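K.L.:
Have a look at this one before I ask anything.
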Amino acid sequence: MTDSEKEVAQQSLQERNTTSKDGTSSEELEFDYTEEEEAIVRRKIDWHTVPLVTLLYMLCFLDRINIGNARIQGLAKDLDIVQGVRFNWALSIFYIIYLLVEVPSNILLKAIGPRFYLPLLVCGFGLVSLCTAFVKDFTGLMVARAFLGIFEGGAMPGMAFFLSCFYKRNELLFRIGIYVSAASIAGAFGGLLAAALSQIPSWGVASAQIHTWRNIFFFEGLITIIIGLLAPIWMPTDPSTAYFLSERERKIAAERLLREHRSDPAKKVTWRDIKAAVFCIHNYTCALAFFLINITVQGLSVFLPTILNDLGWTNTQAQLYSVPPYVCACVVAIAVAWLSDKSGQRGIWLGSFACLAVVGFAILRWVENTNVRYMAVFFVTIGAFPGGPGFLSWAMNNSAGPSVRAITSAYVVTLGTIGGIVATWTYIYYDGPKYHTGHTINLIGQIVTACCALFGVLYCARENRVRAAGKRDHRLEGLTEDEAEELGSRHPRFRYWT
């Protein structure tokens, strides 16, 4: 955001905070709009943010999980990582680097702005994916995965924060649900694309032949770079400067968020904001659940082709059979996000679908029949995939102010990413083809996820009752109006989503 844009936003906030004797702000008295106008603005924002972010995250996830598709197309054999845990280490290094850069990346995003920063990350991980096509050994693969973690680390929390700057709390999960559903789209599309790209005849110079699994990395990386370079043309910076809105519509877009969040969108991240995010109990509830969801989602995303291959299907069949569970997961995740926004509830939906994943992993753990086990994969993907965007949105819904939300989104994803590291060790070579250990870990994880959802509902409902009874009003004693607004989600009038 430029200095002039910050001045406009600050001036709008100051006008909004100028109140009349009856407590009505002068901004609300002078500027008003209808629900129809707001709906028109929201639809325009939808068309210019959600599809683009969904596409970018699909590419992000595709470049992350294509190593699983490449593995059964010859990568493991060519790089001598068929046996042992070398493949698991190649997955782990990505998540270790990934979690270290998430919070710093979101702070940079808040300072630089999303229009060029997010596409820069996209171009970065696209370039790394393309270069992975040329690795010759295990060491080269480790280096490539480490650099991939650097660029992908800021993508998911950055895109979530970007959307939170355009939408109200009751609008957010549906939009985040759509873009995070790109993970399941990538899983489905990745299997089809990998099956097709691996059939391209060998090409390139004699010293760097591109074939089978190398085609997967090369062409998927190239596509990502091209789209990343084009993204700034379509991507807006913030509601108050959105190029696709008229002057009045920009004012409506900014004002509707100011009226809900009562905070300055141009405010820089401070240590107070960091503390508000780090010391929030609800954030840790969501982060623990996100951690457990990640064990399942990230583990399946990389190992599902191998799991299906070990059920007795050929390499190409395993790629193709991985598509339907992801398609179903995508549809259900979007539906759950929409229903959750409409009902104003988070925990009940998240807990219910975690129970479905529990059933799926119980079947995978103890049932031998191949067709029944394949059905269980549907239960697992449908039950687990809505959890990621759900718990992330829940944490952001209950964080007041854009600066705190920026830290919250990155912090929750950072803690959750540790689950990605665990996921890389849940399905190891020695445990195949039944993978009892991996399925047991995920079974327990989904049980605890359901418990986290229940605890979150009870905690938030109790806190709302306490505040409604006036038992948190002492927090306002001796504070000016501006100081009271700085309380954020600790303000007695703030209500948590359950």
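Sequential numbering from 1, following the chain as shown.
Even glycines carry a Cβ here, placed using N, Cα and C.
Not my notes, these are from TrEMBL:
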type     : residues : note
REGION   : 1-31     : region 'Disordered'
COMPBIAS : 9-23     : compositional bias 'Polar residues'
TRANSMEM : 49-67    : transmembrane segment
DOMAIN   : 49-464   : domain 'Major facilitator superfamily (MFS) profile'
TRANSMEM : 87-109   : transmembrane segment
TRANSMEM : 116-135  : transmembrane segment
TRANSMEM : 141-164  : transmembrane segment
TRANSMEM : 176-196  : transmembrane segment
TRANSMEM : 216-235  : transmembrane segment
TRANSMEM : 276-303  : transmembrane segment
TRANSMEM : 323-340  : transmembrane segment
TRANSMEM : 347-367  : transmembrane segment
TRANSMEM : 373-394  : transmembrane segment
TRANSMEM : 406-428  : transmembrane segment
TRANSMEM : 440-461  : transmembrane segment
K.L.:
So, taking each listed stretch (49-67, 87-109, 141-164, 323-340) in turn and counting its Cβ pairs to the transmembrane segment (216-235) that are under 8 angstroms, which one gives the highest count?
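P.N.:
Going through each listed stretch, the top one turns out to be 49-67.
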K.L.:
Please give the sequence-distant neighbours of the transmembrane segment (87-109): residues at least 6 beyond its ends with Cβ less than 8 Å from one of its Cβ atoms.
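P.N.:
Beyond its ends, the transmembrane segment (87-109) has Cβ neighbours at 64, 67, 71, 76, 81, 117-118, 121, 138, 141-142, 145-146, 148-150, 152-154, 157-158, 161-162, 269, 298, 302, 406-407, 409-411, 413-415, 417-418, 420-421, 423-425, 428-429.
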K.L.:
Under 8 Å, at least 3 Cβ pairs, sequence separation 6 or more: does that hold for the transmembrane segment (406-428) versus the transmembrane segment (276-303)?
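P.N.:
Yes, the stretches contact each other.
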K.L.:
Can you work out whether the transmembrane segment (276-303) touches the transmembrane segment (141-164), with the criterion being 3+ CB pairs under 8 Å where the paired residues are 6 or more apart along the chain?
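P.N.:
With fewer than 3 qualifying Cβ pairs, these stretches do not touch.
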K.L.:
Any chance you could find the range in 49-67, 116-135, 141-164, 176-196, 373-394 with the most Cβ pairs under 8 Å to the transmembrane segment (323-340)?
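P.N.:
Most Cβ pairs under 8 Å with the transmembrane segment (323-340) come from 176-196.
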